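Visitor: Let me give you the structure first, and then I'll get to my questions.
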Amino acid sequence: MAFHVEGLVAIVVFYLAILAVGIWAAWKTKNTGSEGDRSEAIIVGGRDIGLLVGGFTMTATWVGGGYINGTAEAVYVPDYGLAWAQAPIGYSLSLILGGLFFAKPMRSKGYVTMLDPFQQLYGKRMGGLLFIPALMGEMFWAAAIFSALGATISVIIDINVNISVIISALIATMYTLVGGLYSVAYTDVVQLFCIFLGLWISVPFAMSHPAVTDIGLTAVHQVYQAPWLGSINSLDIYTWLDNFFLLTLGGIPWQAYFQRVLSSSSATYAQVLSFLAAFGCLVMAIPAVLIGAIGASTAWNQTDYGIPDPKSKKEADMILPIVLQYLCPVYISFFGLGAVSAAVMSSADSSILSASSMFARNIYQLSFRQNASDREIVWVMRITVLLFGASATAMALLASSVYGLWYLSSDLVYIIIFPQLLCVLFIKGTNTYGAIAGYLFGLVLRITGGEPYLYLQPLIFYPGWYQDDNNLYIQRFPFKTLAMLTSFFTNVIVSYLAKYLFESGTLPPKLDFLDAVVARYSREHMDKATLVKSDNIVLNELAPVNPRHSLTLSSTFTNKEAFNYVDSSPELSNTEDN
């Protein structure tokens, strides 16, 4: 394949345009808001992201390289097809559920990151534990899409994969470094427009290629391969449901999502943004589905690609750039390439910013340096943006199973963080003991279920397992959802059991070493004033103090300072007098 100078020039121009928008947004950030709130402006954009920009950036966060390439691949691969392309419906439902149930309580309480409510209720140690799967999900996701971008660019313009990955990562890291959420949001607007325009321009040219059969015919009839509509075998229905729930429910507890929710100007706006993004995800999936269908309807021996076809060469995951390269005119394929690189950058920058935001605030500031200045937090964020960006790039270049690591980490987000989020927002009475038990149970059940992408063999064989041609054990049983439910109910049961044992006097107060029941409002738990801004919410809505009337709870174990944040009432006055 010849080196395409025109393609390289097109990519350079596009990247420079994105960088210019990112720097402009950073300048805009510097000239808005008070200097004392600089770190919050970087994390949540000063909480003034409007509907238009907010809708674009939330949509672009989901519509990434993995979303577009993965959807096209699922439709193209024989015996899978559109029936197994779950991401568009799954992520759209995830955004709808997030808007209906999660956006309002998170935004109305003025949190800054997704981990704030966990640290407020369960303490800084539990917040640190939950940071691990959250960080893994963001980092491996960024690495996976950087890797996909390098392969995509190399297919079309035939340049070194490593160079394309490094340059793309540098651009995304640079504007994220200088502008934070403002840069990410405004570049997302440009990137989403390029994705939409680039892919839709490519579809008619690819569809009209002489080697392509009518996709309406190949949808239901076998021509070159099985119909691209696909089907779900009765044996695979539980696997399909397990993956569908993972996408739908596991797509909620991501910092990249809540960063957009918390940046909106009101709780209502946060909900509307979620619904707009759900619609945007569906619309943006249409050209990817059509490109996958075109790939399944092409006689590849009649194209310059030749034989065997992409699936036989094990290049099914690259079907989108292959269609752009071999079924479209040269200038159209370059434009489509810009769309794909835009998709990657729009997700990668979000993941890098999300990871650095959680570390700077929830680990560095709230756990170690609670008196850190705003300037110090800003510099910590900048350093971690560089470190996380470099780490994601290194993993994309060096790791042979980045996608396998991302699959496993996204499972951990679903199995560990989602049930914890349910408990912390909607189940009253859960505590740190239940949270730790749920965390461990979910983790053990997921790891022992195995992971074929990492060649991790299972220790627990659920009903319906089988061994594939590569001697890997495949679980048909929905064990991921089982692990998530086990984590949730373990959290609730252990929390209430611990509460009963301490409050009934069965266990002495000195055994409450986590200060989760007896000394619920001890200094181990962070001051609520460090988690929210007083002008965003009435503080007594955050954690109203319900005085316990148990005779076993003496005033010795009551931290009276915690009551200072709650409006005075006759009950509280009587409690303090006692």
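A Cβ is built for glycine as well, from the same backbone N, Cα and C atoms used for every other residue.
According to TrEMBL, the feature transmembrane segment maps to 6-27, 48-68, 80-103, 129-157, 163-182, 189-207, 237-257, 269-298, 318-344, 377-399, 439-462, 482-502 (among others).
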Visitor: Given pairs 6 or more apart, does the transmembrane segment (129-157) have at least three Cβ pairs under 8 Å with the transmembrane segment (482-502)?
Guide: no
Visitor: Ranking 6-27, 48-68, 189-207, 269-298, 482-502 by Cβ pairs under 8 Å to the transmembrane segment (318-344), which is first?
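Guide: Answer is 189-207, with the largest number of Cβ pairs below 8 Å.
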Visitor: Give the nonlocal contacts of the transmembrane segment (6-27) in its own chain as ranges (CB under 8 Å, at least six residues past its ends).
Guide: 153, 156-157, 159, 167-168, 171, 174-176, 178-180, 182-187, 190-191, 194, 330-331, 333-335, 337-338, 341-342, 345
Visitor: Give the nonlocal contacts of the transmembrane segment (482-502) in its own chain as ranges (CB under 8 Å, at least six residues past its ends).
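Guide: Result: 245, 249, 414-416, 418-420, 422-423, 427, 429-431, 433-435, 437-439, 441-442, 445-446, 449, 462, 509, 511-512, 516-518, 552.
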Visitor: Considering only Cβ pairs within less than 8 angstroms, which of the stretches 48-68, 163-182, 189-207, 269-298, 377-399 has the most against the transmembrane segment (80-103)?
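Guide: The stretch I would name here is 269-298.
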Visitor: As a test: from 48-68, 163-182, 189-207, 237-257, 269-298, pick the stretch that has the greatest number of Cβ pairs under 8 Å with the transmembrane segment (377-399).
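Guide: The stretch with the most contacts is 163-182.
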Visitor: With Cβ-Cβ distances below 8 Å as the criterion, list the same-chain residues six or more beyond the ends of the transmembrane segment (189-207) that contact it, or say none.
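Guide: Same-chain contacts beyond the ends: 14, 17-18, 21, 52-53, 56-57, 59-60, 63, 68, 215, 280, 283-284, 287-288, 290-291, 294, 323-324, 327-329, 332-333, 335-340, 342-343, 345-346.
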